Amino acid sequence: MEELVGLREGSPGNPVTLHELWGRCPHIRRGIRGGLEWLKRVLFRVGEDWYFLMALGVLMALISYAMNFVVARVVRAHNWLYEEIGDSHLLRYLSWAVYPVALVSFSSGFSQSITPFSGGSGIPELKTILSGVILDDYLDIKNFGAKVVGLSCTLASGSTIFLGKVGPFVHLSVMIAAYLGRVRVKTIREPENKSKQNEMLVAAAAVGVATVFAAPFSGVLFSIEVMSSHFSVWDYWRGFFAATCGAFMFRLLSVFSSEEETITVLFKTSFRVEVPFDLPEIFFFVALGGLCGIMSCAYLFCQRTFLGFVKNNRFTSKLLATSKPLYSALAALVLASTTYPPGVGRFFASRLSMGQHLDSLFDNNSWALATRNSSPPWPAKLDPKNLWFEWYQAEFTIFGVLAFFLLMRFWMLILATTIPIPAGYFLPIFIYGAAIGRLLGEALSVAFPEGIVAGGVVNRIMPGSYALAGAAAFSGAVTHSISTALLAFELTGQIVHGLPVLMCVLAANVIAQSCQPSFYDGTIIVKKLPYLPWIRGRRIGSHPVNVGHFMDSAITTLAKDAPLQEVVKAVASTDVVEYPVVESTDSQILVGTVRRAPLLQALLARPPSWAPGQQRHLQDILARGCPIEPVTLQLSPDTTLHQAHNLFELLNLQSLFVTSRGRAVGFVSWVELKKAISSLTNPPAPK
C-alpha cells in the first residue's frame with residue numbers, strides 16, 4: 001500500500017508524507033484522538049436513550065406502513081369481489097356482508113384466544129399504568145402478535161365497521177418500548193429503573209400517534225394531554241425525537257414505494273390562502289365549536305350508558321363471557337347490513353373508505369351550490385375523481401345525506417365500540433366531526449351564496465374549512481384535548497385557519513369538559529379500572545376537606561415491644577401488603593413499615609437458640625434481619641384533599657400513612673380518595 005503524501009503549506013512543491021506532515025504536532029494529534037474517543041463513548045455506547053428512541057420510531061413506522069400495505073390489498077380485493085360478482089342482489093349482499101363479518105369474528109376470536117388484553121383501544125389501560133397501577137401481563141410482548149393480527153383484520157373490514165388504529169398503535173408502541181427497555185436492562189446489566197421506564201412509555205405513546213398520522217408535534221402533545229395528568233419537561237425531547245423518527249420514516253417509505261414523489265401530508269387540500277376566512281366567520285366557527293361540544297356530550301353519555309348496558313345485561317354479558325366471536329359477528333352483521341350500498345347505505349356514503357371520507361369532506365367547493373341547478377346521478381361504481389357524488393341523492397339533497405350520515409353513524413359508532421376487537425376510536429369521531437362542520441359550512445354557503453362582505457371585499461365561504469374545524473373540535477371534545485387542532489393542521493398542511501380552528505376546539509372543550517368525562521375516562525369508569533378521578537369544579541366544596549375527614553383510622557400497627565403471639569394474631573387476621581411499625585404500644589410513634597412476606601418468613605423461621613416458653617417480641621425478629629423500610633412521605637390530618645390528590649397523581653402513589661406529631665393515626669389509599677371525591681361530586685340525599 002502506497003504511503004499518503006501531501007504538500008506542506010508554503011513549500012515549493014516537494015511532496016511530503018502524511019507522517020512527516022503531522023509528526024511534529026503531537027498536541028493536535030492527541031486532541032483529535034481524544035475528541036474522537038469522546039465522540040465514540042457518547043454516540044456509540046450501548047443502551048443510550050437516543051438509540052432506543054430511534055429504534056422504537058423506525059420499528060413502529062415499518063409496522064404501520066406494512067399494516068397499511070396489507071390492509072389496502074385486502075380492501076381492494078373485497079371491492080373487486082363486490083363489483084365483479086354480478087347483478088344478483090343476494091350475491092352482492094353476501095359479498096358485502098360476509099367479508100367483514102368473517103374478518104371481525106376472526107379478529108375477536110384470534111386476539112382473545114391469545115390474551116384478553118388485546119381488545120379495545122388500549123389507551124384507558126395505559127392511563128392506568130402510567131398513574132402507577134401495575135396491570136399484570138398487559139405490556140407483555142406476547143400480546144403484540146395478537147394485537148397486530150386482530151387490528152389488521154379490523155381495518156381490513158373497511159368503513160363497514162368504521163374503526164381506526166390510533167389507540168391500538170399507541171398500545172403496540174408502548175409494548176415495544178417496554179420490551180426494548182427490558183432488553184436494554186439485561187444488555188447493560190443495570191438495575192431496573194421505574195422512573196426511566198415511565199419516561200420511555202410516555203415517549204412511546206407519542207410514537208404511536210405519530211406513525212399513524214405522520215404528525216410528530218400533535219403526537220407528542222396528544223400523548224401528554226390524554227395519557228398523563230402531570231408531565232416532566234425532561235421527557236419532552238424524548239417524545240419529539242422518537243415521534244420525529246417515526247413520522248419521517250413512515251412518510252419516507254411512501255416515497256420509496258413510489259406512492260408519493262416527496263414527503264407530503266396525508267390529506268391534501270386546496271383552501272384559499274390569501275384570504276382564508278372573513279372576520280364575521282369567526283362567530284360561525286365558535287358556534288360550530290359549541291355545536292360540536294353539545295354533540296360530544298350526547299355521544300359520550302350514550303356511549304358510556306350503552307357500554308355499561310352491554311356489560312350488565314344478562315344476555316349480552318353472558319355472550320361476551322362465553323362467545324366473543326359470536327357477539328362480534330352479530331354486531332358486524334348489523335353494521336354490514338345497514339351499510340349495504342344498494343340499500344340504506346347509499347344515503348350516507350357507505351362506499352367511501354375512511355380516507356376518502358376525509359378527502360371528500362375537506363373539499364373547498366360547495367356541493368349545495370353545485371347541485372342547485374343540476375342533479376348528478378348516483379354512480380353505479382365509486383368515482384375516485386368525484387367522491388362528492390356519494391354525498392348527493394336527488395330525493396335527499398346534500399343536507400339530507402349529511403344529516404342522515406350523522407344520525408346513522410351516531411348509533412353505529414356506539415355499537416362498534418362494544419365489539420371486543422383491537423380497534424381505534426379516534427379517526428371515526430374525527431370524521432364524524434368533519435361531517436358536522438361540513439353540514440354547517442354547506443348551510444352557510446347557501447345562506448351567503450356570494451360570500452360574506454367584509455371591508456368591501458367579497459369572499460366565498462369554503463365548507464371544507466368548517467369540516468376541518470369540526471373534525472378538530474368534535475374529536476378534541478370527545479377526548480378532552482386541544483392538540484387535535486394541531487393534528488388537523490399536520491394532516492392537511494393547512495395552518496391558515498389556525499385561529500378559528502383553535503377557537504372552535506376551545507369552545508367545544510369548554511362544554512364537553514364541564515359536562516362529561518372523556519371517552520377514555522368513561523371507559524375506565526365502565527371497566528372499573530383503578531384510576532384516580534379528577535377533582536372537577538369549584539362549587540363542590542372540596543377545598544375545606546382535610547385528610548382527617550376521610551382517612552381510614554382502623555389501621556393495624558405492630559409495636560416493637562409487642563409479643564410475638566400478638567404479632568402472629570395480627571398478621572393472621574389481616575391480608576395487607578405492609579404493616580406500619582411503631583416504637584411502642586404506648587407512644588405509637590411511626591418508625592417504618594415491614595412487608596408481609598419477609599415478616600411471615602421470619603416468624604416461621606425461629607432460631608433454635610430460642611428457649612421454649614421464653615417471651616419474645618417483634619424487635620427480636622427485626623434484630624435478626626427482617627428489614628424495616630423507612631416512611632419517607634407522610635400525610636397530616638390537616639392536609640387538604642387537593643394536596644393529597646396532587647401528591648398521589650404526581651408521585652404515582654398507591655397509599656400513604658397519616659401521622660399526627662409522629663403518631664400513626666390513619667391510612668389513605670386510592671379507595672379513600674375516590675370515596676371522598678365521589679361524596680363531593682355526588683352528595684348523598686338528605687334524610
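The backbone N, Cα and C atoms fix where each Cβ goes, glycine too.
Your range for transmembrane segment, going by TrEMBL and the list 326-349, 494-517, is 326-349. When the ranges 425-445, 467-487 are checked against TrEMBL, the one recorded as transmembrane segment is 425-445. Using a Cβ-Cβ cut-off under 8 Å and counting only residues 6 or more beyond its ends in the same chain, the transmembrane segment (282-306) has close neighbours at 410-411, 413-415, 417-418, 429, 433, 436-437, 440, 444, 466, 469-470, 473-474, 477-478, 499-501, 503-512, 515-519, 522-523, 525-526. For the transmembrane segment (201-224), the residues of the chain that approach it from at least six positions outside its boundaries are 53, 56-57, 60-61, 63-64, 126, 129-130, 164-166, 169-174, 176-178, 231, 235-236, 238-244, 246-247, 249-251, 265-266, 479, 481-484, 486-487, 489-491, judged by C-beta separation under 8 angstroms. Among residues of the same chain six or more beyond the transmembrane segment (93-111), those with a C-beta under 8 A of the stretch's C-beta atoms are 78, 81-82, 85, 118-119, 146-147, 149-151, 153-154, 156-158, 160-161, 324-329, 331-333, 335-337, 339-341, 419-422.
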